[in-house]
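**Student:** According to Swiss-Prot, the feature active site, thioimidate intermediate maps to Cys174. According to Swiss-Prot, the NADP(+) binding site annotation covers 203-226.
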Amino acid sequence: MKVFDYEDVQLIPNKCIVNSRSECDTTVILGKHAFKMPIVPANMQTIINESIAEFLAENGYFYIMHRFNGSARIPFVKKMKERQLISSISVGVKKEECLFVEELAKQGLTPDYITIDIAHGHSNSVIEMIQRIKTRLPETFVIAGNVGTPEAVRELENAGADATKVGIGPGKVCITKIKTGFGTGGWQLAALRWCAKAARKPIIADGGIRTHGDIAKSIRFGATMVMIGSLFAGHEESSGETKIENGIAYKEYFGSASEFQKGEKKNIEGKKIWIQHKGSLKNTLIEMHQDLQSSISYAGGRDLEAIRKVDYVIVKNSIFNGDTI
C-alpha cells in the first residue's frame with residue numbers, strides 16, 4: 001500500500017472546459033438531501049453550536065450537532081423540525097445514549113441524520129448502536145465512526161450504517177497518534193483511499209485538513225463529504241473563550257477527547273490550542289466555495305465528479321503532517 005498524506009500529494013490539472021470558475025457546481029448529495037458543498041464542520045463544542053447549525057441549515061450546508069449537551073438534543077431536533085430545517089445530531093454508545101434513542105422513538109422524533117461519534121468506531125458497541133437506531137428510527141440516515149480500515153468500513157456498513165467516518169487521530173487538536181501509537185495521523189489521505197476502495201456507501205473524511213486544497217484531495221481519494229475542524233475554528237460565531245495578546249484576538253479550540261472537554265484528566269487524547277480570530281464564518285465558507293470551484297475547473301470538469309478522475313503525484317512524506325504535540 002502506498003502511504004502518503006495531504007501535503008505529499010499534488011493533483012494534476014486537465015484541460016479547462018468552463019468559461020468561468022463560477023460555472024462549476026460544488027453540490028453534493030448525502031442521503032435524501034443535496035448540500036451546497038461537500039464539507040461539514042467537525043461536531044466539536046468549539047466548532048459547532050445551535051446558532052451555527054441553524055445558519056448552516058438555512059443556507060444549504062450540511063452540519064452535525066455535537067453530543068456534549070445531551071439534554072438539549074430533543075429540543076434542538078423539535079426546533080429544527082418546526083422550522084423545516086434538516087436535523088442532524090450526534091450520539092455516543094453509553095447506556096444513557098441507548099435511552100436517548102428510545103426517547104426519540106417514543107416521541108415520534110426522527111432526526112434526518114444521526115452520527116455515532118466515538119474515537120474507535122470499529123467496536124461491538126457501535127455496531128449495536130447502529131442496529132438500535134435502524135430498528136427504532138429506520139428513516140434516519142446513520143453515520144458511524146470513526147474508523148481507519150477497510151474491514152471496519154465494511155463491518156459498519158453491513159450492520160446498517162448509511163455512511164462511515166474515516167480518520168483516527170489526524171486532527172490538529174488530536175494527539176491519539178502520539179499518546180497511543182495508533183491511528184491515521186501522517187497517512188490520513190492514504191487511509192481514506194484504502195477505505196474508499198472497500199466502501200459501498202458514502203465516506204466522510206475526518207481530520208487532517210489544513211488547507212482548502214485538501215478538500216479536493218479528499219474528494220479525489222474517495223470522500224463524499226469532508227469533516228473539518230481547525231479551518232472552522234476561531235470565528236466570530238464560534239463557541240469558546242476569546243483572549244487578547246499583543247493586541248491580537250485568539251479563540252480557543254480543543255479536542256473532544258481533551259481534558260477541557262471531559263472536565264477531568266482521564267484517557268486524554270486531545271489538546272487545546274488558540275486560533276487567531278478569523279472574522280465571519282460566512283466569509284470562510286464563501287472562500288472555501290470559490291476555491292473548490294477553482295479545483296473543479298483545474299480538474300477539467302463542471303462538477304465534483306471531475307476531481308475523482310484526475311491523476312496525481314506524490315512529492316514527499318511527512319509523518320506528523322506538520323503537527324507537534
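Cβ atoms here come from the backbone N, Cα and C positions, even for glycine.
Help me picture these features in the structure, burial and contacts included.
**Tutor:** DSSP assigns Cys174 (active site, thioimidate intermediate) to a strand in the three-state reduction. Cβ-based neighbour count (10 Å, all protein chains) for Cys174 (active site, thioimidate intermediate) stands at 26.
Reduced to three states, the DSSP call for Thr224 (NADP(+) binding site) is coil.
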**Student:** Taking the Cβ of Phe221 (NADP(+) binding site) as the centre, count every other Cβ atom within 10 Å, in any protein chain shown.
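**Tutor:** Looking across every protein chain shown, the total is 25.
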**Student:** Just to confirm: which same-chain residues, 6+ apart in sequence, have a Cβ under 8 Å from the Cβ of Ser218 (NADP(+) binding site)?
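**Tutor:** The list for Ser218 (NADP(+) binding site) reads Leu189, Leu192, Ala205, Ile209, Val226, given in order along the sequence.
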**Student:** What number of additional C-beta atoms lies within 10 angstroms of the C-beta atom of Thr224 (NADP(+) binding site)?
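**Tutor:** Around Thr224 (NADP(+) binding site), other Cβ atoms within 10 Å: 19.
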